[in-house]
Amino acid sequence: MLRLRPAVRAVSVARSVALTRSLHVSVAKFNKIEGTAPAGLPKEVKQTAGHQGHHQEIPKPDENHPRRKKFHFWRSLWRLTYLSAIASLGYIGYRIYVIRNPSDQLPADPSKKTLVVLGSGWGSVSFLKKLDTSNYNVIVVSPRNYFLFTPLLPSCPTGTIEHRSIMEPIRGIIRHKQAECQYLEADATKIDHEKRIVTIRSAVSENSKEEVIKEIPFDYLVVGVGAMSSTFGIPGVQENACFLKEIPDAQQIRRTLMDCIEKAQFEKDPEVRKRLLHTVVVGGGPTGVEFAAELQDFFEDDLRKWIPDIRDDFKVTLVEALPNVLPSFSKKLIDYTEKTFSDEKISILTKTMVKSVDENVIRAEQTKGDGTKETLEMPYGTLVWATGNTVRPVVRELMSKIPAQKGSRRGLLVNEYLVVEGTEGIWALGDCSATKYAPTAQVASQEGSYLANLLNGIAKTEDLNNEITNLEKQSEHTFDEQERKNIFAQLESKSRKLRRSRAMLPFEYSHQGSLAYIGSDRAVADLSFNFWGIMNWSSGGTMTYYFWRSAYVSMCFSMRNKILVCIDWMKVRVFGRDISRE
């Protein structure tokens, strides 16, 4: 037996290994054609079996791998966000196009009844928004040719919101109605409910005292003229206070406030300086609370940076005659608001009644906890009066002519259908009416929507009555049996519709809740939900502040208002508020 040397043995082993590999490759090539692979082949060879190409098969990714699932989630979320942004921009663009390009309207029909609407506030505009103007010849009369979004009015004097951002032209509203409406910029001075005539007065120009007096006959009248600020007969309020109900009021507050700040720069007497920089807000309702909060924000965020000399003397005081501010809110939110004001260094004087006002000093009477009363004197630079309503002269004049209105002081007495007591075909809504509900924008808005549906139903009822009368006349002159059956079937159908249209329910207010901004990016919300019963939800803080903003934006009348308000908020966040006089 021959013994191989180690070198020869190594060569033989190498050749054997090479031969084995060659054999495996040959078998693999054969099995590519047959589509099978023997079980004994290595894993690398098995992976090539059954394929027509020469490349090794790439393993498929594991779809259930956590990283790949996460990647798919974020990619889907990005696509959804991208598509939502495109859809939102498309919708906004469409709405802007519709606003800028109103469609043609039906011409006025002299045969229709004349409906006169007095006012351009929450009640009147909500009424016009829902009214089918093709049923009437509509005439709108108001000295203010725009609708004002009053919940954001306290933000205007400080520059948080530009006043034009919360104004919507009345002509822009009625131009988008189905049929033509007429607008007259004038004051209603007299309402003759017996002759059914409204007398209006309009100035020809600002620089002319010449006036135009016109009488407008009407079939139906909607009175929504609102109310004026009440001074409660307190001496000096009308002459020295700034009110907060209209755009000119907000502009007057701005001028007065900046005048006091600029005067304080020249004043060396510390007491006079403190007086000039002291702003007193009378009224602890939402308007007064929100303005006090906005003013303190204006000082903290802007004034103290650009006018550092006033930082030690600037002061805001809120005066309320009731035991607490925001009386319509829950006790928890009242306490939270008062604590927030204390943290913001806003002074609150509750149970305090103003007795008189002169040019520089407010005299008030405060009731202590033990029932004793103390007289207070508050030097002030700016006085903002944000409490109380009283009826307008045209409403008072109408009330004096109707015996059923003699006992009313708050406004026109109305029944459950908002019809003015003692009249026919005259309705009143909003702050000019006296109901069991609070005089708020929410109440006026719901009254306007209800009244529009009521008037639409009245028009439908009249049309059905006319159609029934015509069918009855037609049946008298028809002798064909089949045609008579068709007429009677139509009469029965229209009679059912007539009964349904007449079955109008009385007005019922649905309270949705109350909101108020309390400063430092915080707000309070007292909301009501009707889910199998009334449910109340109270909240306060920063998250409620963002809810307050989103709610007010959604309540803005038009897409234009929504966009402008959001832009104003962004401008203040980026650049701060303007500190110029105007």
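Here the Cβ of each residue, glycine as well, is placed from N, Cα and C on the backbone.
Positions annotated as transit peptide by Swiss-Prot: 1-30. Residues or ranges marked as region 'Disordered' by Swiss-Prot: 46-65. Under the heading compositional bias 'Basic and acidic residues', Swiss-Prot lists 54-65. According to Swiss-Prot, the feature FAD binding site maps to 114-144, an assignment based on similarity to another entry. Annotation comment: Swiss-Prot describes 277-313 as NAD(+) binding site, evidence class similarity to another entry. Taken from Swiss-Prot, the feature coiled coil covers 454-501, and the record attributes it to sequence analysis.
Sequence features annotated in Swiss-Prot and their locations in the structure.
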{"residue": "Trp122", "record": "FAD binding site", "DSSP class": "helix"}
{"residue": "Lys130", "record": "FAD binding site", "DSSP class": "helix"}
{"residue": "Val138", "record": "FAD binding site", "DSSP class": "strand"}
{"residue": "Leu277", "record": "NAD(+) binding site", "DSSP class": "coil"}
{"residue": "Asp297", "record": "NAD(+) binding site", "DSSP class": "helix"}
{"residue": "Asp302", "record": "NAD(+) binding site", "DSSP class": "helix"}
{"residue": "Asp312", "record": "NAD(+) binding site", "DSSP class": "coil"}
(message) Using the alpha carbons only, what distance in Å do you get between Val282 (NAD(+) binding site) and Lys130 (FAD binding site) once rounded?
(response) 36
(request) Measure from the Cβ of Trp122 (FAD binding site) and count the other Cβ atoms within 10 Å, all protein chains considered. (result) 28
(message) Please identify, from the binding-site residues Leu118, Val138, the residue with the sparsest Cβ neighbourhood, meaning fewest other Cβ atoms within 10 angstroms.
(response) Val138
(request) Given the binding-site residues Thr114, Leu118, Ser134, state which is nearest to Leu277 (NAD(+) binding site) when distance is taken between Cα atoms. (result) Leu118
(request) Round to a whole number and give the Cα-to-Cα distance in Å for the pair Leu118 (FAD binding site) and Asp297 (NAD(+) binding site). (result) 37
(message) Which secondary structure state does DSSP assign to Thr287 (NAD(+) binding site), in the simple three-class scheme?
(response) helix
(message) I'd like to know which of these binding-site residues, Ala292, Ile307, is least surrounded, judged by other CB atoms within 10 A.
(response) Ile307
(message) What's the number of neighbouring CB atoms sitting within 10 A of the CB on Asp297 (NAD(+) binding site)?
(response) 21
(message) Can you tell me the CA-to-CA distance separating Val138 (FAD binding site) and Asp297 (NAD(+) binding site), as a whole number of Å?
(response) 44
(request) Rank the binding-site residues Thr114, Ser126, Ser134, Ser142, Thr287 by the number of other Cβ atoms within 10 Å of each Cβ, and give the residue at the low end. (result) Ser134
(message) When you rank Trp122, Ser126, Lys130, Ser134, Ser142 by Cα distance to Ile307 (NAD(+) binding site), which of the binding-site residues ends up on top as the closest?
(response) Trp122
